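K.L.:
So Swiss-Prot lists these for the protein:
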type	residues	note
SIGNAL	1-18	signal peptide
DOMAIN	21-244	domain 'Peptidase S1'
DISULFID	Cys50-Cys66	disulfide bond
ACT_SITE	His65	active site, charge relay system
ACT_SITE	Asp109	active site, charge relay system
DISULFID	Cys143-Cys208	disulfide bond
DISULFID	Cys174-Cys187	disulfide bond
ACT_SITE	Ser202	active site, charge relay system
Amino acid sequence: MKALLFLMALLLPSGAGAEEIIGGVESIPHSRPYMALLKIVTEEGHVTFCGGFLISLQFVLTAAHCHGREITVTLGAHDMSKRESTQQKIKVVKQIFPLKYNLFSNFRDIMLLKLEQKAVLTPSVNVIPLPQSSDIIKPGTMCLAAGWGQTGVKEPNSNTLREVMLRIMEMKACKDYRHYDNRFQICVGIPQMLKLAYKGDSGGPLVCAGVAHGIVSHGPGRGIPPIIFTRISSYVSWINRVIRGN
């Protein structure tokens with residue numbers, strides 16, 4: 001896994017493919033206690049990785065395209081090449097999608113993971129708040145994305161958690177995305193800055209003023225922003241219903 005290089009690449013929509021952080025820096029160890037690393041065994045038996053984030057003691061939020069036959073979540077991690085005492089590895093017992101998730105357009109690219117057991121909250125493991133359904137982040141706002149994905153288009157994943165600051169863009173900046181819908185998605189990243197989330201970062205959060213507003217979804221594949229995040233505020237009611245019912 002790698003570091004955040006220029007968080008400019010895009011997230012792959014196929015299977016459990018994820019993106020990387022390009023143009024970023026290594027996070028201060030355990031300063032993002034909500035971060036989760038997903039180890040995914042695909043339907044074909046391959047192993048891949050995505051990001052995610054803890055939103056309650058027993059639920060992690062991620063991207064729907066990060067689904068798989070089996071998923072194990074690691075919480076409290078910074079350096080995945082080490083057996084850190086802060087880490088909690090928990091199996092996923094249920095993968096829950098919204099109705100009408102579209103794999104080809106990445107529309108409704110959001111998934112809830114129910115953990116086999118509740119996470120133990122520590123200084124290295126904690127939940128992150130979600131927005132209200134009426135909350136909207138304005139273009140020009142700077143937000144943080146983090147992950148263990150690639151640090152460059154031809155680079156491997158990062159062993160350590162990396163992060164990058166990204167700008168919320170006007171919807172017209174994503175006009176080249178055929179299926180972009182500003183009601184359910186967020187356009188993120190300045191093309192000239194070459195900073196973004198890339199392969200391996202899929203499913204990770206977009207954090208604005210301490211609140212998770214987006215989920216890394218997909219991009220153009222060339223490592224050039226803007227990229228698309230799922231807009232969490234549009235799904236808060238669904239998220240709350242699922243958690244209450246499980």
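Every residue gets a Cβ built from N, Cα and C, even glycine.
Mind running through what each feature is packed against?
P.N.:
Residue environment of Cys66 (disulfide bond) contains 28 other Cβ atoms, counted within 10 Å of its Cβ in all protein chains.
For His65 (active site, charge relay system), the Cβ neighbour count at a 10 Å cut-off comes to 24, with all displayed protein chains included.
Classification of Asp109 (active site, charge relay system) by DSSP places it in coil, neither helical nor stranded.
Around the Cβ of Cys143 (disulfide bond), the same chain contributes Ile137, Met165, Leu166, Arg167, Ile168, Val188, Leu206, Val207, Cys208, His213, Gly214, each under 8 angstroms and 6 or more positions distant in sequence.
All chains included, 22 other C-beta atoms sit within 10 angstroms of the C-beta of Cys187 (disulfide bond).
Its Cβ placed at the centre, Ser202 (active site, charge relay system) has 36 other Cβ atoms within 10 Å.
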K.L.:
How many whole Å apart are the CA atoms of His65 (active site, charge relay system) and Asp109 (active site, charge relay system)?
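P.N.:
Approximately 7 Å lies between the Cα of His65 (active site, charge relay system) and that of Asp109 (active site, charge relay system).
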K.L.:
Compare the C-alpha of Ser202 (active site, charge relay system) with the C-alpha of each of the recorded positions Cys50, Asp109, Cys174, Cys187, and give the closest one.
P.N.:
Cys50
K.L.:
Cα within 10 Å of Cys66 (disulfide bond): which of the recorded positions Asp109, Cys174, Cys187 qualify?
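P.N.:
Hits: Asp109.
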K.L.:
Which of the recorded positions Asp109, Cys174, Cys187 has its Cα nearest to the Cα of Cys50 (disulfide bond)?
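P.N.:
Its closest listed neighbour, by Cα, is Asp109.
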